[in-house]
Amino acid sequence: MATHLVLYNGAKMPILGLGTWKSPPGQVTEAVKTAIDLGYRHIDCAHVYQNENEVGVALQEKLKEQVVKREELFIVSKLWCTSHDKSLVKGACQKTLNDLKLDYLDLYLIHWPTGFKHGSEYFPLDAAGNVIPSDTDFLDTWEAMEGLVDEGLVKSIGVSNFNHLQIERILNKPGLKYKPAVNQIECHPYLTQEKLIQYCHSKGIVVTAYSPLGSPDRPWAKPEDPSLLEDPRIKAIADKHKKTTAQVLIRFPMQRNLVVIPKSVTPARIAENFQVFDFELSSEDMTTLLSYNRNWRVCALVSCASHKDYPFHAEF
């Protein structure tokens, strides 16, 4: 199993990274330090997670201790929806760099295709509880992203939560300078994303799978929601390989040539999640796991369903 995937521009992206969405600021510094000590080199961040400063403390410490060199790390962050206006993109990126205490990012993504009204709130809502959109077009946002590459602030740029029609709009943009290197999307056995992944791969775009464990700690979980980690069918595959369900759920996207970013702040689990290079799921296991698709999303961003750029009305 390759430990890296190569982006179209030649950059090498570690296939396994540490996710930091929902990692409490008080715990994420130790989590990132533990991960780096265990061999993780890819850390997935975002401004909206409100913990980049604490992630930065960990990165700074490990760089200072010379546990790792900067060029061995692959640090990802994301532009939040309230900064889609072309004039705001560079400042948003610089805020993230400042918080992470870095002078460049390896990958910077447009977090969602939907632009929101600029201001202090991450989700500006109207009286009816719908998100207030900005009058921006993500093609203009993309031009500003390209500028970050030219200025040396970021090595690669990409998107997240974009459907194939939205990616196609970027690829067909007149005067396109850099195509998206990555599309980061929710992906697991209940949301297998076969068509979107096939599309991205056909365009030379690497796909990162987020919420590979089904995000059991999501704040809006309901008791009747399906649970990947408690699915006896997946547990049976894990038992056969003498592995945990989580390890099977992490190995599954890797064998589909996806990058995967499981989140944990628990040292034992951060370690467990990295022990996935010493076994292989059979083609039968893979087919079985793919058959569990039910188009079930953790992150449906329902407050934005009426936004002109809401990504999940399209089939893929």
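Here the Cβ of each residue, glycine as well, is placed from N, Cα and C on the backbone.
These numbers come from a predicted model, not from an experiment.
Taken straight from Swiss-Prot:
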ACT_SITE  TYR49  active site, proton donor
BINDING   10-19, 211-273  NADP(+) binding site
MOD_RES   ALA2  N-acetylalanine
MOD_RES   LYS95  N6-acetyllysine
MOD_RES   LYS222  N6-acetyllysine
MOD_RES   LYS263  N6-acetyllysine
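Where Swiss-Prot records a feature, it is marked here on the structure.
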residue: GLY10; record: NADP(+) binding site; Cβ within 10 Å: 7
residue: TYR49; record: active site, proton donor; Cβ within 10 Å: 21
residue: LYS95; record: N6-acetyllysine; Cβ within 10 Å: 15
residue: SER211; record: NADP(+) binding site; Cβ within 10 Å: 24
residue: ALA221; record: NADP(+) binding site; Cβ within 10 Å: 13
residue: ASP231; record: NADP(+) binding site; Cβ within 10 Å: 19
residue: HIS241; record: NADP(+) binding site; Cβ within 10 Å: 16
residue: ARG251; record: NADP(+) binding site; Cβ within 10 Å: 28
residue: LYS263; record: N6-acetyllysine; Cβ within 10 Å: 24
residue: ALA271; record: NADP(+) binding site; Cβ within 10 Å: 16
LYS222 (N6-acetyllysine) CB neighbourhood, other CB atoms within 10 A: 6
Protein Cβ atoms within 10 Å of ILE261 (NADP(+) binding site), excluding its own: 26
Neighbouring recorded positions, C-alpha within 10 angstroms of SER211 (NADP(+) binding site) - of ALA2, TYR49, LYS95, LYS222: none
Rounded distance in angstrom between the Cα atoms of LYS95 (N6-acetyllysine) and GLY10 (NADP(+) binding site): 27
Cβ packing number for ALA2 (N-acetylalanine), 10 Å threshold: 11
GLY10 (NADP(+) binding site) and LYS263 (N6-acetyllysine), Cα-Cα, nearest whole angstrom: 27
Distance from LYS222 (N6-acetyllysine) back to ARG251 (NADP(+) binding site), taken between C-alpha atoms, in Å: 26
Whole-number Å value for how far TYR49 (active site, proton donor) lies from the residue listed as 'N-acetylalanine' (Cα to Cα): 29
Length of the line joining the Cα atoms of TYR49 (active site, proton donor) and ILE261 (NADP(+) binding site), in Å: 15
Cα distance (Å, whole number) from LYS222 (N6-acetyllysine) to GLY10 (NADP(+) binding site): 42
Rounded Cα-Cα span from LYS222 (N6-acetyllysine) to ILE261 (NADP(+) binding site), Å: 23
